[in-house]
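Worksheet: one structure, shown below.
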Amino acid sequence: MSGPDTTVEFARPHGLRRMIGRDPGERHRTTTPLELLFDLTFVVAFAQAGDELAHFTAEGRLSTAVWGFLFVVLSVCWAWINYTWFSSAYDTDDWAQRLLTMVQMVGVIVLALGIPAVFESLDSGEPFDYRVVAVGYVVMRTSLIAMWARVAKQDPVSRRVALRYVGYNAAIQAAWVTVAFMRIESVPLLAAILSLLWIAEFVGHTYATLDADVASDSWQGTPWNAHHIVERYGLLVMITLGEGVLGTIAAVSAVVAHLGWTGEAVLIVIAGTGLTFGLWWTYFIVPSAPVLSRHRRRKWVWGYGHILLFASVAAVGAGLHVAAYAAEGETSIGTVGVVLSVAIPVFVFCIAYFVLYSVLFRAVDPLHIVLAVGMVVFLVLAVAFAGAGLPLGWCLIVVMLSPFVVAVGYETAGYRHVEQDVRRES
């Protein structure tokens, strides 16, 4: 008599499997090693973007810094979003999906290599140069189109959605490449075209997922798994938080190299680590998965809105890197400018966080207004202290305290509010 099959999942061969929609209610769905490997390429992409933001901010070239960073981070996040939602709905982890994911990774690396050219072209006044970024997207989208083509061929239920995605990705990528190699010199014209292309990206991505009977209560879209998606977004937040750790190391290393282990160095270590920790604590307070499981249409604002969160967290790391430039005497923006380069991203994180919460739970909690005001008070105090001549380390300590307003607020009273909201919406 044979015993039970004890073959473990990871020991199976990775032969081709039918690429059909996965069960959106699949229990214990977690991030795969393949997805984690894919995410590693975004460590490099965010690091490149943060380095360029810090460099141009420290030199006072703020227009180049801000516009370049916004374009690059939006491009990076959009690449991650496209793959992640597909993987949540259709991942087979067979050899074909693994190889296509590797192609995606190559595309992300090419995109990252093109980031410096984006900033340099903005700074020099030459035609906006995102050609290498566009080539990276060609590589990624070729792989993504192949994935959606597999779905169209093998999953009758998702065929219409898959074909829409194939058409959308091919058309929008052709438009991006055409504009990239036209080398348009008129800034207003280029800005208008790029704005239209990004609008087309969001509209096309949204339309491709819609079922024909979108108004019905049975609408499901693609069969993504809410718990898996929330975990994936949390992991990318962790990656962007890593920029805060890198920025802290850069700042402290600069201080130690010039002055040794002074009190300023210790303060920056505490401030950078504490700020990163506070943002982490704040982000992971809200349990989004139960609500997204029941209200799947809320994925749009929740999913897209995270781009602001990712960008703000990465910019915090860049701001800490600006502090390194200040310690080396290589910045022209003064202590107030350095503190603002950290405080402004923290403020954006604060606003984006509470807006996403309100959209997800369809309610504005008065407690959030109190907590948001508390965060802003600490940020304003930090800038005021910098203007009054306090050392940079102490100013960053005050910035560090701002996310802990939310953490303390939730640990003392806010968790009851969250529990009530989750019970109501799920």
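Cβ atoms are placed via backbone N, Cα and C, with glycine included.
If you look up TrEMBL, you'll see 65-86, 98-118, 130-149, 161-184, 190-212, 233-259, 265-286, 307-327, 333-355, 367-385, 391-410 marked as transmembrane segment.
Take the transmembrane segment (307-327) and the stretches 65-86, 130-149, 190-212: counting Cβ pairs under 8 Å, 65-86 has the most.
Contact between the transmembrane segment (65-86) and the transmembrane segment (161-184) is not supported: fewer than 3 Cβ pairs lie under 8 Å, counting only residues 6 or more apart in sequence.
Here the transmembrane segment (161-184) has long-range neighbours at 127-131, 133-134, 137-138, 141, 144-145, 148-149, 151-152, 155, 190, 193-194, 197, 200-201, 204-205, 207-209, 211, 221-222, meaning same-chain residues at least 6 beyond its ends whose C-beta is under 8 angstroms from one of its own.
Counting only same-chain residues 6+ beyond the ends of the transmembrane segment (367-385), those with a CB under 8 A from a CB of the stretch are 336, 339-340, 343, 346-347, 350-351, 354, 357-358, 394-396, 398-399, 401-403, 405-406, 409, 413-414, 417. The recorded stretches the transmembrane segment (265-286) and the transmembrane segment (391-410) share 3+ CB pairs below 8 A when only pairs 6 or more apart in sequence are counted, and are therefore in contact. Among residues of the same chain six or more beyond the transmembrane segment (391-410), those with a C-beta under 8 A of the stretch's C-beta atoms are 263-268, 270-272, 274-275, 278-279, 281-282, 285, 320, 323, 326-327, 335, 338-339, 342-343, 346, 349-350, 353, 367, 370-371, 374-376, 378-379, 381-383, 385, 418.
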